[in-house]
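A short write-up of the structure that comes next.
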Amino acid sequence: MSAVTVRVPAKVNLQLGVGPIRDDGYHDLVNVFHAVSLFDEVTAEPAERLAVEVRAAPHARVAVGGVPTGEDNLAARAARLVAARLGVETAVRLSIRKAIPVAGGMAGGSADAAAALVACARLWDDREEPALTRDDLMELGGDLGSDVPFAVLGGTAVGVGRGERLTPALTRGTFHWVFATADGGLSTPAVYGECDRLRLAAGETAAWPTVSEALMTALATGDAKALGAALFNDLEPAALSLRPSLRRTLDTGRELGAIGALVSGSGPTCAFLAETEEDAAGLADELDSAGVAEQIVRAHGPVPGATLL
Ligand SMILES: C[C@](O)(CO)[C@H](O)COP(=O)(O)OP(=O)(O)OC[C@H]1O[C@@H](n2ccc(N)nc2=O)[C@H](O)[C@@H]1O
Ligand SMILES: Nc1ncnc2c1ncn2[C@@H]1O[C@H](COP(=O)(O)OP(=O)(O)OP(=O)(O)O)[C@@H](O)[C@H]1O
């Protein structure tokens with residue numbers, strides 16, 4: 001096989017319930033993931049040794065400067081895992097085309113890892129019944145990062161544990177989103193740490209999170225307004241504490257008619273829900289004019305996970 005390209009979506013967290021910190025430093029979550037139509041592409045082709053190249057996708061304004069191109073790149077680590085499982089050399093060149101913001105709370109690195117898992121598994125084993133199934137790749141993904149299994153799966157799914165144990169959720173129709181990206185990322189561990197710090201300072205003990213019934217019903221019935229009202233993210237106060245300017249971005253989206261607004265995951269990207277595609281287009285234009293974001297991007301969801309092109 002000469003080259004394999006995989007397209008992989010970004011995510012937004014519709015509900016991110018953060019429980020107490022565990023002994024291993026992770027938090028138990030109820031994490032409702034939703035894959036949206038903002039895609040990175042990863043091409044895997046045979047090479048003498050492992051090499052990684054990262055560029056912005058055509059027409060995407062993504063600052064890729066901070067993305068490692070060596071062994072630390074999550075896609076490179078994914079390739080190594082697949083090679084070890086299949087007992088082959090990691091002789092592959094990975095070309096990553098990024099449209100997902102870097103360190104933006106939309107799981108861009110995790111998406112590239114998921115794409116590399118799927119691409120390398122195919123490159124090195126193109127039998128009709130490959131040794132590694134999708135479930136195997138999702139399990140391998142969990143060793144790379146909590147968000148990686150979902151980027152393999154896609155759609156809408158409830159994640160528990162670190163967020164890596166997934167159950168697909170029933171949804172109806174398509175939801176229309178507008179994303180406001182920010183200049184400069186936020187570090188995921190720093191945001192979780194700030195969440196713990198704020199809770200401690202307020203004398204709060206983290207409650208054990210449960211799945212929001214209102215959210216699941218809104219998804220199953222395709223009710224965008226109800227979904228907008230049910231969105232919530234326990235990391236939002238921490239992201240706002242570390243990046244206070246996000247409050248203005250969220251307020252502006254709400255004033256301009258978004259039916260739901262929240263920080264995506266660990267931020268700093270803000271996500272706005274619109275009732276129709278036309279409403280999303282209008283909201284995107286107005287948010288752009290308001291100048292409260294680095295970039296405004298429209299997307300819809302749910303979409304499939306890592307897919308061979
Ligand atoms: C914020 C989210 O993107 C929401 O989906 C994820 O929870 C983060 O997932 P991720 O980027 O894949 O994170 P990982 O690479 O697994 O972990 C990075 C760091 O985030 C924190 N972390 C992550 C997941 C989790 N359930 N609890 C945590 O406290 C830990 O400090 C961990 O060391
Ligand atoms: N392929 C990759 N693409 C982007 N970042 C990567 C990649 N591999 C490693 N990284 C590192 O991971 C860090 C986080 O990047 P990423 O884009 O995954 O953040 P994120 O979208 O906030 O993640 P999440 O939503 O899962 O918390 C980057 O600052 C970078 O150093």
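Each position is counted from 1, following the chain as shown.
Glycine is no exception: its Cβ is also placed from the backbone N, Cα and C atoms.
Automated prediction, rather than curation, is the source of TrEMBL annotations.
All protein chains considered, the CB of Lys11 (active site) has 29 other CB atoms within 10 Å. In the three-state DSSP assignment, the secondary structure recorded for Lys11 (active site) is strand. Per TrEMBL, active site is recorded for Lys11 (among others).
According to TrEMBL, the active site annotation covers Asp147 (among others). In sequence order, Lys11, Phe33, Ala107, Ser110, Gly163, Gly265 constitute the residues six or more apart from Asp147 (active site) in its chain with CB-CB distances below 8 Å.
Counting every protein chain shown, 27 other Cβ atoms lie within 10 Å of the Cβ of Gly109 (ATP binding site). Feature annotation from TrEMBL assigns ATP binding site to Pro101, Val102, Ala103, Gly104, Gly105, Met106, Ala107, Gly108, Gly109, Ser110, Ala111.
The domain 'GHMP kinase N-terminal' annotation in TrEMBL covers 73-155. Residue counts for the domain 'GHMP kinase N-terminal' (73-155) under DSSP, split into helix (H, G, I), strand (E, B) and coil, are 47 helix, 8 strand, 28 coil.
Assigned with DSSP, the residues of the domain 'GHMP kinase C-terminal' (216-291) fall into helix, strand and coil as follows: 44 helix, 11 strand, 21 coil. Sequence annotations record features per position, and here TrEMBL assigns domain 'GHMP kinase C-terminal' to 216-291.
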Neighbour-count leader, CB within 10 A, binding-site residues: Ala103, Ala107, Ala111: Ala111
Which of Pro101, Gly105, all binding-site residues, has a Cβ with the fewest other Cβ atoms inside 10 Å: Pro101
Neighbourhood of ligand 1 - recorded positions from Lys11, Pro101, Gly109, Ala111, Asp147 with Cβ under 6 Å: Asp147
Mean predicted confidence [pLDDT] for the domain 'GHMP kinase C-terminal' (216-291): 98
